[in-house]
Amino acid sequence: MIRSITWLVRLLYLPLFLLVGNGVAIYLVTEGFNHGWLVFLILVFIGISFATEKLTPYDREFNEPQQDQRRDLLHAFMNESLNVIGVAVLPLFGGLLVLAPIWPSGWPLAFQLLLAILISDVGITLAHFASHRLSSLWRLHAVHHSVKRLYGFNGLMKHPLHQLIETVAGTTPLLFVGVPQNVLMLLVVAVVLQLLLQHSNVAYFTGPLRRVLAINAVHRFHQGSPQKTENKAR
C-alpha cells in the first residue's frame, strides 16, 4: 500500500506543480482575486514540497538541515518579497518602458503566460550563462552554489542582487512590448514553482519531459559540480 502511494506521488508530483499550480494561479487572476492569494498559493506549494520530500526523497540526507534553514528562509522571503513589490509598483512606471505595445493581450491568459515564460527564460538563461563566465557576476551567483544539499526551498536561495539581475534580464523584453501586470504576477508564480521542482529532493517521474524541462536530476549535477574550479569567470 505504501509503495503504491509513493509511486503515485512520484507520478503526479510534476503535473501537480506545472498544471495544477499554474492552473489555479490563472484561475485566481482570471476571476479577479486579490494578488495576495497568489502569495498564499506559493506558500501552499512550498509546504507540499517539504512534505513530499519527507515522503519520497531522492536522498534522505538532503532532508537533514545543514544549519541552512534560517539562511534559506531569509533569502527566500527577501527575494520573493522584492519580486512581488516590483510587480506591484509596475503600474507607476511600466508604461514608460513600452517601446512597441504589441503584447497579445487578447490571447487566453494561459497562452500569454506560456509566451511570457518562453521569452523570460531566454533572458534568465543568458544571465545565468554569463554568471558562470564573468567573475563579477560569479561572486554573486556563487551564493546559490554554496548550498550543501539540494532540496526544493533552496531554489529560492540567491543573492538579492543576482536575483535582481536575472529578473531584469527576464522581464525587460516583456516590459518593452507591454506585458500586463497580471501576466507578470503569474510569471512570478510559475518561476517559483519551477525553482521548487528544479531543486526538489523528490524522486519524481519526468518521462519525455526530461529533455525539455530544467529538472532536478540534471540540476543536481550542475549544482554539485565543483564550480569554483570549473567556473571560467575571468
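Cβ coordinates are placed from backbone N, Cα and C, and glycine is handled just like the others.
Caution: TrEMBL annotation is automatic and unverified by curators.
Here TrEMBL flags 7-29, 35-52, 81-103, 109-130, 174-197 as transmembrane segment. Among the features that TrEMBL reports, domain 'Fatty acid hydroxylase' is placed at 114-228.
DSSP places the residues of the domain 'Fatty acid hydroxylase' (114-228) in helix, strand and coil in these numbers: 84 helix, 1 strand, 30 coil. Sequence-remote contacts of a segment are chain residues at least 6 beyond its ends whose Cβ falls under 8 Å from one of its Cβ atoms, and for the transmembrane segment (109-130) they are 22-23, 26, 29-30, 103, 137, 141, 165-166, 169-174, 179-180, 182-184, 186-187, 190-191. With Cβ pairs under 8 Å as the measure, the transmembrane segment (7-29) is packed most heavily against 174-197, out of 35-52, 81-103, 174-197. Counting only same-chain residues 6+ beyond the ends of the transmembrane segment (174-197), those with a CB under 8 A from a CB of the stretch are 14, 17-18, 21-22, 25-26, 29, 35, 38, 41-42, 45-46, 49, 80, 83-84, 87, 90-91, 94, 97-103, 105, 109, 112-113, 116-117, 119-120, 152-153, 155-156, 204, 213-216. Using a Cβ-Cβ cut-off under 8 Å and counting only residues 6 or more beyond its ends in the same chain, the transmembrane segment (35-52) has close neighbours at 9, 13, 16-17, 21, 24-25, 28-29, 80, 84, 88, 151-153, 185-186, 188-189, 192-193, 196, 200, 202.
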